[in-house]
Amino acid sequence: MTFELLAAAADAAPQSSFGFMEAMEQGGFVAWFILGVMVIMSVGSFYILFTKLFEQRKVLAQYKAVRTQFWKAGSLKDGATKLDKNSAWRQLVDDAILAENQHAKMTDKLEAHDWMHGSLQRSEDTINSKLAGGLPFLATVGATAPFVGLLGTVIGIYRALINIGIAGSASIDKVAGPVGEALIMTAIGLLVAVPAVFAYNWLQSRNKRIAELMHAFSNDLLANINSNGSVKPTYMTATSTQAAGQAARTAPAAKPAATTTTVKK
């Protein structure tokens, strides 16, 4: 009996007609258009986030081959074969070899260091430009999405004022729809902008790290070429570091130096 009374009371209770769909329907074409724009912004932002993150992780994973295999080769050409053909690091090596061959054919008196440094710098700029692709869209979304939502807010408030003027009173049934639409647009604008700004800053910082690694690698290539292959960077791996620590612990302690004391007579 108690459950039947509760069920009857729930059925008799007034149902709210001011949900999300009702507010959007009252907003009409403009509200749906603004919502569609922000949905496109959000989908595009997350697409760029995941694709660029995958691309960055691939570049950083390929860098391990540079540290562990490339510099162990006898020459740059042999080392290039140990790198992925389409990797950014392979592109730097190929451009360095090409620049060296081109300088040998030049008749103008141009320093080899300057020519190859400029060639490697152009290669770095090309790779960095590719890695930065899509980030301007994230910056644009982060900067404009709140204002797109604010446009929906302004339109919603304007419609609420019109309804109040027509009805002659600010009853809840006249303003709930437009005001709800305005608040929804504001919230959606923020929900679109915040992830875009976060993704932009995060991807930008990771690109900066990759750019620093590439610049250091370019300097190592330049030093190797100018020294005819005699200069190579030394990377301490985790295994070699542990071996060095183990050797230091097992090495016999040095005997203290003998001291003499002079006694004055």
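Backbone N, Cα and C define each Cβ position, glycine as well.
Note: TrEMBL annotation is automatic and uncurated.
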Stretch carrying region 'Disordered' according to TrEMBL (options 86-105, 126-145, 206-225, 246-265): 246-265
Contacting positions for the transmembrane segment (182-203) when only residues 6+ beyond its ends and CB under 8 Å are counted: 20, 23-24, 31, 34-35, 38, 41-42, 45-46, 48-49, 52-53, 56, 135, 138-139, 141-157, 160
Spatial neighbours of the transmembrane segment (137-162) far in sequence, C-beta under 8 Å, 6+ residues away: 26-27, 30-31, 34-35, 37-38, 41-42, 44-45, 48-49, 174-175, 177-190, 192-194, 196-197, 199-200, 203
